[in-house]
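Asker: Reproduced below are the annotations present in TrEMBL:
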DOMAIN    16-264  domain 'SMP-30/Gluconolactonase/LRE-like region'
BINDING   Glu18, Asn154, Asp204  divalent metal cation binding site
BINDING   Arg101, Asn103, Glu121  substrate binding site
ACT_SITE  Asp204  active site, proton donor/acceptor
Amino acid sequence: MSSIRIECVAKEGCRIGESPVWDEKEGALLYVDITGRKVCRWSPVTRQAQAIPVDAPVSSVALRKSGGYVITLGTRFAALKWKEELVTTITQVDTDKANTRFNDGKVDPAGRYFAGTMAEEIRPAVLERHQGSLYTLFPDLSVVKHFDQVDISNGLDWSLDHKTFFYIDSLSYSVDAFDYDLQTGKIGNRRSIYKLEKEESIPDGMCIDTEGKLWVACYDGGRVIRLDPETGKRLQTVKLPVDKTTSCCFGGNDYSEMYVTSASDGMDKEWLSRQPQAGGIFKITGLGVKGVPPYPFAG
């Protein structure tokens, strides 16, 4: 194994950093600050992050084939034009619920945007249970609801052969798999492939590498773990200098760098003084594996 190196690259702490996505065209890392209500783009060239403020909690960002980005904003799917700093609503979900918002989202290999909702938190990971649902925004801008009764809809990705959809509902402390039909976007046959250990705490965001192994950020666990979805075994643990690790993705020129987002919400002064990098964005090199480039939304 090459030696693993961890560096905090964006130190302007997010309240809840989430949804890291590598934008190859810009050679930059996209991410959001959910409660900070901004979409950010960090450049490895300038070492600076630009931020666009938005009018609601923004929980995920994805590339868009036709240009710009798509985001989940409050209970809306929306489009974001970066240069113009222009946000336009595509459609809204959970219209029958007053207290939910979107959480994590990701685009599937066919260009559909999957994203789930959750109840607004009273404090981090404390909320009214079973209020969330999992949705898909199709390229024709129609929306399908897959299921409800979700606590905290979180990490999602697809197997390399596109036949399995991986998904995390955080408070189940489980990484789940579904059979996936790429033609229709339908999911079924849900099963748990990994249950988190106590010290790993809460499963949050997730990504897949080119060997088909899953990487899961552990909120309050201060680590990312590498799992084999076939055997259900943990293969590797990478600890970070902050507790509230929220999500991860691969990026860089050859997708060999891992980027990890983190949060500072819910930490008191004493805790923050021990972890001054809380809310920062971390780059991990030397993992010896590469990731899969993100898919753009086809709509």
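Every residue gets a Cβ built from N, Cα and C, even glycine.
All TrEMBL annotations are machine predictions without curation.
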Asker: Which one of the binding-site residues (Asn103, Asn154) has its C-beta surrounded by the most other C-beta atoms within 10 angstroms?
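Answerer: Counting Cβ neighbours within 10 Å, the top one is Asn154.
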Asker: Which has the fewest other Cβ atoms within 10 Å: Glu18, Glu121, Asp204, the binding-site residues listed?
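Answerer: Among the binding-site residues Glu18, Glu121, Asp204, the lowest count of other Cβ atoms within 10 Å belongs to Glu121.
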Asker: Applying a 10 Å Cβ distance cut-off over all chains shown, what neighbour count does Arg101 (substrate binding site) have?
Answerer: 23
Asker: On a C-alpha basis, identify the one among Arg101, Asn103, Glu121 that is nearest to Asp204 (divalent metal cation binding site); the candidates are the binding-site residues.
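Answerer: Checked the binding-site residues Arg101, Asn103, Glu121; minimum Cα distance to Asp204 (divalent metal cation binding site) goes to Asn103.
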Asker: Take the mean position of the Cβ atoms of Glu18, Asn154, Asp204, the recorded divalent metal cation site. Which other residues of that chain put their Cβ within 8 Å of it?
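Answerer: Other same-chain residues near the divalent metal cation site: Ser19, Asn103, Asp104, Ile152, Gly155, Ile168, Ser170, Gly205, Ala217, Tyr219, Thr246, Ser247.
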Asker: Near Asn154 (divalent metal cation binding site), which of the binding-site residues Arg101, Asn103, Glu121 can be found within 10 Å, Cα to Cα?
Answerer: Asn103
Asker: I need the neighbours of the substrate site defined by Arg101, Asn103, Glu121. Which other residues of that chain put their C-beta within 8 angstroms of the C-beta centroid, in sequence order?
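Answerer: After dropping the recorded site residues, what remains is Ile34, Pro57, Ser59, Thr100, Phe102, Thr117, Met118, Ala119, Glu120, Leu127, Ile152.
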Asker: Rounded to a whole number, how many Å is the Cα of Arg101 (substrate binding site) away from the Cα of Glu18 (divalent metal cation binding site)?
Answerer: 14
